[in-house]
Amino acid sequence: SDHMENIYGYLMKYTNLVTGWQYRFFVLNNDAGLLEYFVNEQSRHLKPRGTLQLAGAVISPSDEDSHTFTVNAASGEQYKLRATDAKERQHWVSRLQICTQHHTEAIGKNNPPLKSRSFSLASQGSANSPGVQRRPSQNAVSFFSVGHHRLPTGKRVPIMQPDHLVDVREMMSQAEGQQRDLIRSIECLPASGHLTSLDQDLLMLKATSMATMNCLNDCFHILQLQHASQQKGSLPAGTTISWLEPKISLANHFKNGAAQNFPAEINKPASVREEQSIAEPCQLTREPEEINPDEELEDVCDDKEDDLGAVEEQRSVILHLLSQLKLGMDLTRVVLPTFILEKRSLLEMYADFMSHPDLFIAITNGGTPEERMIRFVEYYLTSFHEGRKGAIAKKPYNPIIGETFHCSWRMPKSDVATDAGTSSSAQPPSEQVTLPKDPEGQAEPDCYTVKFVAEQVSHHPPVSGFYAECVERKMCVNAHVWTKSKFLGMSIGVTMVGEGVLHLLEHGEEYTFSLPCAYARSILTVPWVELGGKVNINCAKTGYSASINFHTKPFYGGKLHRVTGEVKQNMTNTVVCRVQGEWNSVLEFTYSNGETKYVDLTKLSVTRKRVRPLEKQGPFESRRLWQHVTESLRDGDIDKATEHKRALEERQRNEERLRAETETPWCTKYFLKDGDGWVFHKPLWKTVSAAQTQQMDSN
């Protein structure tokens with residue numbers, strides 16, 4: 001009670017993606033159990049701009065930094081707030097928690113539940129175990145009547161009484177406390193003996209109990225939505241309610257998460273012999289290297305990621321890892337076990353998104369701005385299927401800073417779609433530009449060549465840059481991506497932060513685009529991947545844009561891997577094309593003239609990339625860098641793969657430490673910093689511009 005005084009002051013409040021963070025004047029009203037905020041202190045005598053009931057609320061300091069915290073009300077409303085420093089955050093959090101506890105307990109005392117039998121998850125007695133209480137009027141239908149079926153005509157859904165939700169919140173609070181006690185009891189067990197803290201059944205209990213509580217919180221949120229809807233009228237038929245996912249604020253995308261203290265390796269072998277030849281820092285030239293396409297050979301590597309044996313055998317490793325993670329935790333610095341890795345680097349995965357070069361080149365052959373935008377959308381949506389190797393959600397290698405990947409594709413000109421009645425190589429004489437010839441190794445005259453290069457330009461945060469170009473068609477794409485991972489309970493979310501730009505130099509057009517989020521679901525059983533989120537594609541010159549939604553599987557109803565989108569002319573607000581389907585199966589394009597086109601991604605021809613043999617690759621090129629890890633994974637030798645992986649990571653840490661001590665900045669090889677992004681050092685738009693200037697001077 002000594003700490004129950006009213007407090008007030010300025011905090012930053014996150015509003016939305018457009019407005020971002022704003023200073024607001026907050027008042028904690030302990031007597032009423034309210035958190036109120038005003039535009040500023042001078043408007044304190046006016047009606048509050050917003051109010052949260054603190055009874056039943058959850059106050060959570062954020063893992064993002066030492067200043068941010070959230071207030072999650074029992075109504076489902078959330079305030080994301082930021083103090084000026086860690087001390088002020090602690091002051092607000094502690095006062096809010098005291099007020100919340102006081103008013104939550106007061107509600108419980110004023111609404112005593114009926115006595116019923118109790119149960120206990122723990123083995124030592126049930127004196128303090130929470131009871132399962134249910135009022136006589138309550139039944140399963142009154143709790144879970146939200147569905148996708150149509151209700152019989154004339155029948156009304158039972159209205160849930162407000163105190164029922166209070167009972168549910170009280171029971172959940174008791175269950176959460178008991179779950180924490182259970183976790184604490186397991187972690188206090190000895191490390192050796194008949195029953196240890198690493199017992200597989202106990203690890204399973206820890207992980208599943210945490211998932212159960214998360215699921216219950218989601219269900220409680222659904223009950224609250226149901227109750228609110230029933231006050232206004234019953235939910236319409238076909239209603240779908242999605243699982244709750246921790247939201248990742250775009251305003252904070254370029255701030256790296258705080259380091260977490262995790263063991264360097266899980267289940268590390270007793271003796272690990274470091275390979276000194278690998279672990280010692282390499283003093284390599286950072287000068288860009290011109291890759292001769294004639295040295296590249298058609299790729300024969302075909303590593304399918306469909307073997308679940310290792311996942312089953314390593315179940316206890318996954319459980320042990322999950323038992324240490326917290327919801328919303330940034331996984332950037334968490335070392336994941338080796339057996340869940342794909343046999344390729346993330347940089348090579350970006351290259352595999354280009355496995356339909358015919359669709360890529362065909363974009364610039366569109367006869368109108370509308371057709372070019374639609375073609376780009378078609379290429380964009382077909383790229384994700386081949387980018388994923390198999391249906392299993394395995395993780396590519398985290399690239400080492402300075403790591404690069406090179407490849408190319410050769411595509412017969414006859415295989416590339418052209419505009420009606422127009423040759424794929426035809427262009428107005430006024431737009432013809434003679435480009436400087438590539439050093440050695442020109443592709444066959446009847447083939448187009450698409451060249452690709454990627455580089456890991458930053459370690460913390462982990463940022464990759466990649467660039468692809470087709471010189472013959474004067475088109476290129478430049479992108480930078482930060483893969484930001486979050487632990488979401490029984491799944492892992494990956495936000496692809498960054499932007500790409502497609503340049504069609506024949507038309508003077510630039511198309512900006514972003515990438516969807518990815519989720520690894522069911523990580524305890526058979527992990528699988530789904531994409532989610534909204535992405536936009538824009539061309540400022542032509543005024544055409546596309547909005548694409550990747551839909552995650554909803555809690556009730558719905559399909560897997562669903563995607564919808566539309567292409568619009570912004571000036572007239574006219575939709576010229578709609579698309580729907582599954583991003584890994586069949587896509588349906590409907591055009592404004594009424595025509596419909598179906599694209600079956602499973603039957604699209606895939607062009608194999610061309611890669612230099614290992615003996616011709618540099619020591620920092622992906623396949624050579626990770627070759628020992630890849631070979632060990634192919635052989636099924638997880639321990640040996642872990643050795644090689646740890647040696648690479650240790651070398652990276654040593655080199656980073658050395659640069660910090662000597663205050664030596666890292667120098668990239670192919671990409672240059674440009675504002676918040678990264679740009680290829682020799683992009684095609686500069687080459688074309690220089691060639692045009694040279695021709696004008698010679699004339």
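Glycine residues also receive a Cβ, built from the backbone N, Cα and C atoms like all the rest.
All annotation found in TrEMBL is predicted automatically rather than curated by experts.
Per TrEMBL, domain 'PH' is recorded for 4-101. Among the features that TrEMBL reports, region 'Disordered' is placed at 104-137, 415-440, 638-658. Annotation source TrEMBL lists compositional bias 'Polar residues' at 117-137, 420-433.
Residue counts for the region 'Disordered' (638-658) under DSSP, split into helix (H, G, I), strand (E, B) and coil, are 21 helix, 0 strand, 0 coil. Averaged over the domain 'PH' (4-101), the predicted model reaches a pLDDT of 87. With helix defined as DSSP H, G or I and strand as E or B, the domain 'PH' (4-101) counts 19 helix, 40 strand, 39 coil.
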